[in-house]
Amino acid sequence: MSEPIIAVEDVTYSYDGRPAVEGVSLSVEEGEFLGLVGPNGSGKTTLLKLMLGLLSPDSGEVRLFGVPVEAFDAGERIGYVSQHSTGKERTMPVTVREVVTMGRYPHTRFGWLRSHDREMVEEALSRVGIAELADRRINELSGGQKQRAFIARTLAGEADLLALDEPTVGVDADSRDRFYALLDELNDQGITIVLIEHDIGVVTDHADRVACINRELYHHGDAEAFMESDALARAYGTNSRMIEHGH
Amino acid sequence: MGSKTIQRLVLAVFGLGVLLLFVPIALGIMPRAFFEASCGLGRSFGTQIACYGFIWNALTTAVFIGIVGPVIGTYLVHREMALIGETLAHAAFAGVAIGTLLFAGSGWGTPLLLSALVAGIVGALAVQFLADRTGSYGDVPIAIMLTGSFALGTLVISLGGGFATVDINSILFGSIATVGGENVLLMAVLSIAIVGTVALTYKPLLYITFDEEAARVARFNVSAYNTLLIVLTAMVVVGSMQILGVILVAAMLVVPVAAAAQLTNSFRDSLFASVIVGESAAVSGLLLSWRYSLAPGATIVVVAIAIYLLAVAMPDRTGHASAE
């Protein structure tokens with residue numbers, strides 16, 4: 001078997017002495033769709049940031065595409081969409097096409113955009129079904145359309161790893177379903193996906209593997225096995241309303 | 001597309017004008033015949049304005065302010081760092097004050113401008129250091145830097161014999177009479193460096209401005225670009241201070257950008273639109289201030305704000321787009 005896309009080994013991270021992630025080891029294989037679940041404040045986002053090298057672990061090691069994360073420099077291979085990806089556009093004039101074009105920036109760096117870059121952008125726009133919105137200012141788009149634009153940005157960049165941190169917060173149910181159908185399609189084409197999502201139903205429907213954390217790793221394995229195990233109850237605590245509500 | 005062709009045409013004419021007219025004036029290589037001819041032309045319209053060397057110096061500086069202020073401001077405003085300019089202007093004020101001690105100068109001598117530049121860049125690096133340490137360009141470190149450097153400047157001036165020895169008015173409020181040839185040259189050099197750097201780093205700066213975290217994931221060196229942006233801001237501020245004054249200099253980083261954001265959909269268009277707004281305000285404000293003996297900085301800022309208010313009052317930009 002080839003080297004995992006992401007390998008996390010015994011990683012610990014604390015904010016000002018408060019541990020957020022403790023002794024977590026897991027790996028993400030090529031083509032996998034990993035759902036990362038856990039209660040609020042359980043360290044999901046921290047773990048994702050550690051995986052991407054946005055944070056450096058206090059101890060332990062992270063490898064991205066087989067390279068130690070601090071030495072990893074093939075930024076174009078990762079597409080990252082967070083809740084925060086949608087913060088600036090309220091006031092900033094920037095068109096959908098400009099946002100998607102940013103996906104090409106790690107390839108071109110300082111150089112001009114070539115016709116190949118522009119083709120990739122147009123292709124990505126149509127791929128997620130927002131080609132006709134390309135010249136609109138991004139703040140004119142609905143929540144679901146915006147998230148499609150951000151996915152298009154990662155596609156334009158030819159990323160082979162998608163890292164998504166609660167991408168559908170504030171998106172209506174219909175658009176959300178279509179968004180996850182799109183993720184499934186991309187995953188079928190071989191793109192590796194790591195998804196943080198608070199709705200466990202969505203995760204078990206779409207992801208093939210689940211990592212459940214609450215500071216420590218409670219479960220890492222098949223989505224079905226996860227539902228049958230008691231990891232959820234242990235990670236969320238027995239009196240969690242979320243479990244009763246969702247299942 | 002028609003509008004794109006027009007945009008390119010305007011840009012080409014404007015760029016050519018700056019290159020052929022104002023760069024030679026700044027470099028001091030404009031032939032005398034040009035000034036004599038324009039003086040004569042002005043007289044035939046009944047005005048002496050084109051006959052004064054200092055007007056040409058001030059106008060040239062204003063033209064550069066109208067370019068670099070909005071260009072850097074576009075990144076600052078959309079990064080929600082609008083008050084950085086104000087802070088660095090106050091740091092530069094401390095530099096001017098220290099310069100008056102070191103060089104026994106007053107007003108806007110070139111040595112003072114250079115010591116302002118050094119102080120501005122030191123202030124920029126200090127702001128960036130605080131931002132890196134605290135994780136944001138928070139109000140509190142900014143407010144401490146802003147007031148602290150102004151206090152330092154005031155103390156230094158008091159030590160050096162008080163405000164009687166320094167032309168404090170022109171430092172705080174700007175002046176067109178004191179823009180010497182060397183200062184115009186400095187402004188031109190700064191402007192060319194700023195525009196060149198932005199042209200080269202347009203993509204990473206835009207990416208970081210829009211989505212800093214994604215830019216970090218894409219392995220852009222965000223901290224280095226932030227430092228670059230803030231040092232460029234210090235350069236803009238110091239170059240613009242002579243005319244706009246310490247207190248008002250930040251307006252040219254903010255107001256044209258705010259107006260442009262009302263009028264355009266794309267970032268690229270907003271960058272060009274902000275330069276057009278900034279240029280209109282700088283040039284017309286300067287001429288008005290000369291005509292009616294007003295403070296140049298204040299006049300330029302008021303004209304810019306008038307344009308901004310017009311832009312806000314225009315039909316809703318969103319509705320405008322869908323009607324096309």
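Note that Cβ sites are derived from N, Cα and C of the backbone, with glycine treated the same way.
Note that TrEMBL annotation is computational and uncurated.
According to TrEMBL, the protein carries these features:
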type	residues	note
TRANSMEM	B:9-34	transmembrane segment
TRANSMEM	B:54-76	transmembrane segment
TRANSMEM	B:88-106	transmembrane segment
TRANSMEM	B:112-131	transmembrane segment
TRANSMEM	B:143-164	transmembrane segment
TRANSMEM	B:184-205	transmembrane segment
TRANSMEM	B:243-263	transmembrane segment
TRANSMEM	B:270-288	transmembrane segment
TRANSMEM	B:294-314	transmembrane segment
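Listed stretches B:9-34, B:243-263, B:270-288 were compared with the transmembrane segment (B:294-314); the greatest number of C-beta pairs under 8 angstroms is found for B:243-263. In summary, the transmembrane segment (B:243-263) lies against the transmembrane segment (B:270-288): three or more C-beta pairs, each 6 or more positions apart in sequence, are under 8 Å. Contact between the transmembrane segment (B:54-76) and the transmembrane segment (B:270-288) is supported: at least 3 Cβ pairs lie under 8 Å, counting only residues 6 or more apart in sequence. When each of the listed stretches B:9-34, B:88-106, B:112-131, B:184-205 is scored by C-beta pairs under 8 angstroms to the transmembrane segment (B:270-288), B:9-34 comes out highest. The largest share of C-beta pairs under 8 angstroms with the transmembrane segment (B:88-106) comes from B:143-164, of the ranges B:9-34, B:143-164, B:184-205.
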